[in-house]
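Q: Mind looking over this structure? Questions follow.
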């Protein structure tokens, strides 16, 4: 782990004066998009070297300063399975809680939920999947058993007035089972929604999706779950994350998950590379005239910070381009 240096200011030449293009030929697009920043959890969970707790806390604070409305802070999973998240309570207690910003945490079971609530969590997330093999490797149980675990979490969350977000993994393909049926994705999404999840994030966990697959999957899911309750979570393994996200926006989705500097992967999904970079998403949305409330300059600084801490290059094309200006 490299020592953390002060982030260098970037020259946003051509970005600060960026004008929105005409979108009349692109179909209806949302006027505003809620970005769910998953870098501190999904982005860091697969790092081999343990990231110091103060670095995680500072990253989240910088993302808050950038204006991101939702920042997934950590995961209350067993350190045996994900050692990187062993400091979950310290992270959640240590971050600054900015007014108007939500800091959800992943809670796969009742034990995790109880620990999260004790640490001050106000919103939690649960993970489902459309693949039996993936669920076995990721949660050590069947799909049906995973829903039984969620049921207890959902009941406890409702009793405590804590919001629950649901994830559907492998929505566009599975590393073990290959192609995934849109109908199966719709079935799992409907079940999570009917259990009380206020929002369902549809994840292309290994990044194999294309715009056509995204359209077919969303069409099926939207027959079962209101589009206002849907989000997309795209990995960029094959360079399709922005294209897939744009299709989702054109279909009415207005919530997008992304990760600063494109950090991320999945410890149980071989070949999965990083998430859609938040910097690239914000740049595209700015160009489309879609409001996000995110300060791109401060976001780039947060990306610089964590990449220096990890001693790695950013996966964000926008960060790479502005570094050369």
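Any Cβ shown, glycine's included, is placed from N, Cα and C.
Since the structure is predicted, the reported quantities are computational estimates derived from the model, not experimental observations.
The following feature annotations were taken from Swiss-Prot:
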DOMAIN    33-300  domain 'Pyruvate carboxyltransferase'
BINDING   42, 233, 235, 275  divalent metal cation binding site
MOD_RES   48  N6-acetyllysine
MOD_RES   48  N6-succinyllysine
MOD_RES   111  N6-acetyllysine
MOD_RES   137  N6-acetyllysine
MOD_RES   137  N6-succinyllysine
MOD_RES   179  N6-succinyllysine
MOD_RES   179  N6-acetyllysine
ACT_SITE  266  active site
MOD_RES   324  N6-acetyllysine
Q: I need the neighbours of the divalent metal cation site defined by 42, 233, 235, 275. Which other residues of that chain put their C-beta within 8 angstroms of the C-beta centroid, in sequence order?
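A: Counting only non-site residues, the set is 38, 43, 203, 204, 205, 234, 257, 258, 259, 264, 274, 276.
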Q: Highest Cβ count within 10 Å among the recorded positions 48, 111, 137, 179, 235: which residue is it?
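A: Max Cβ neighbours within 10 Å, all protein chains included: 235.
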Q: I need the least crowded one of these binding-site residues (42, 275), counting other C-beta atoms within 10 angstroms of each C-beta.
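A: Comparing Cβ neighbour counts within 10 Å for the binding-site residues 42, 275 gives 42.
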Q: Whole-number answer please: how many Å between the C-alpha atoms of residue 179 (N6-succinyllysine) and residue 42 (divalent metal cation binding site)?
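A: Here the two Cα atoms lie 23 Å apart.
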Q: Including all protein chains shown, what's the count of other C-beta atoms within 10 A of the C-beta of residue 233 (divalent metal cation binding site)?
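A: By my count, 26.
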Q: Do you know offhand how many angstrom separate residue 235 (divalent metal cation binding site) and residue 111 (N6-acetyllysine) by C-alpha?
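A: If we compare the Cα positions of residue 235 (divalent metal cation binding site) and residue 111 (N6-acetyllysine), the gap is 29 Å.
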Q: Please report the Cα separation of residue 48 (N6-acetyllysine) and residue 233 (divalent metal cation binding site) in Å, rounded to an integer.
A: 23
Q: If I take the Cα of residue 137 (N6-acetyllysine) as reference, which of the binding-site residues 42, 233, 275 has the closest Cα?
A: 42
Q: Helix, strand or coil at residue 48 (N6-acetyllysine), per DSSP?
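A: DSSP assigns residue 48 (N6-acetyllysine) to coil.
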